[in-house]
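Visitor: Structure in structure tokens, see below.
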Amino acid sequence: MTVTVRVSAKVNLALGVGGLAPDGFHPLATVFEAICIYDEVAVTRRDDSRITLTVSGEDADQVPTDETNLAWRAVELVREEFASEWGKRGHGADIHIDKSIPVAGGMAGGSADAAGALMAAAALCRLPYSPEELQPLAAQLGSDVPFCLTGGVALGRGRGDRLAPVICRGRHRWVFATSNQGLSTPAVYRRFDELGGTPGGETVPNDLISALTRGDLDAVAASLSNDLQAAAIDLRPELEEVLTVGREVGALTALVSGSGPTCAFLVRDTAGAKKVSAAVSNLPQVHRTRTARGPAAGAQLLPGPVGSFA
């Protein structure tokens, strides 16, 4: 039996990063928005104990298909934590991911796939699988995984995994320009530290939250920020040109998405999206452009029969 879950990408509307803490992590204050770019994650029971993972879709060859993939780890986590529900015979699972979310692009593609695999595995063995009920397990997999379950718009604190919903009136139109080359999140944080960091920088972006609540698009655009942007551009200077071109042709604002290298452009309407997309598509450092709206829902179980590992 197979369970399939649809998961959405994210963009950080604001990302405030504090200095490196003794535990090796940076405290964060971030506002997430889920975006209508989706992966689908299918988990199928096996009669033996093996776990396999296959990938299709955009840039599938760049996605690991072993235990280093967060989706694989999500299924293993459910199997370890709920051995009796999973099945007395120690069943395995086949995981398949159909990719549309950019790979290594700062849009939480790997975390979204982990959220999808977590929900699918829980549903297969008849465990509670609502986003709220899966939060403790999600936090064990990665900082972005809890938000990828819930979607919408949320304020994240701590490592980004302590979430509070944010009221968002209105919809946002985005253009995303992906890069020809990925950018390692740990490398970006290391460069952030080398550039001096921002001790105490994990502040709540009150102006942005107020603008979202009012549905004031221009105020939202004026309030977007990313403390990792300077580090990402220092590692990949060509990103600055992408941001500049998007602004020059009418984007309300432009910023690096999360740790990059994807560049995000907030636009007013469909015409603006087309103009920005056409302009940045001509740059040699841009792999492809995508238009999308937000906010989007979180992880969603797609219709179909649900089996059991019993």
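Placement of Cβ uses the backbone N, Cα and C atoms for every residue, glycine included.
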Visitor: Write down the single range among 69-90, 91-112, 289-310 that appears in Swiss-Prot as region 'Disordered'.
Guide: 289-310
Visitor: Could you state the whole-number distance in Å separating the C-alpha atoms of Ala108 (ATP binding site) and Lys10 (active site)?
Guide: 6
Visitor: Would you mind ranking the recorded positions Ala108, Gly110, Asp144 by how many other Cβ atoms sit within 10 Å of each Cβ and giving me the lowest?
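Guide: Per-residue Cβ counts within 10 Å for the recorded positions Ala108, Gly110, Asp144 bottom out at Gly110.
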Visitor: Taking each of the binding-site residues Ala104, Ala112 in turn and counting other Cβ atoms within 10 Å of its Cβ, which one has the fewest?
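Guide: With the binding-site residues Ala104, Ala112, fewest surrounding Cβ atoms within 10 Å: Ala104.
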Visitor: Let's check the environment of Gly106 (ATP binding site): how many other CB atoms sit within 10 Å of its CB?
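Guide: Total other Cβ atoms inside 10 Å, all chains included: 30.
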Visitor: For Gly110 (ATP binding site), which DSSP three-state class applies?
Guide: helix
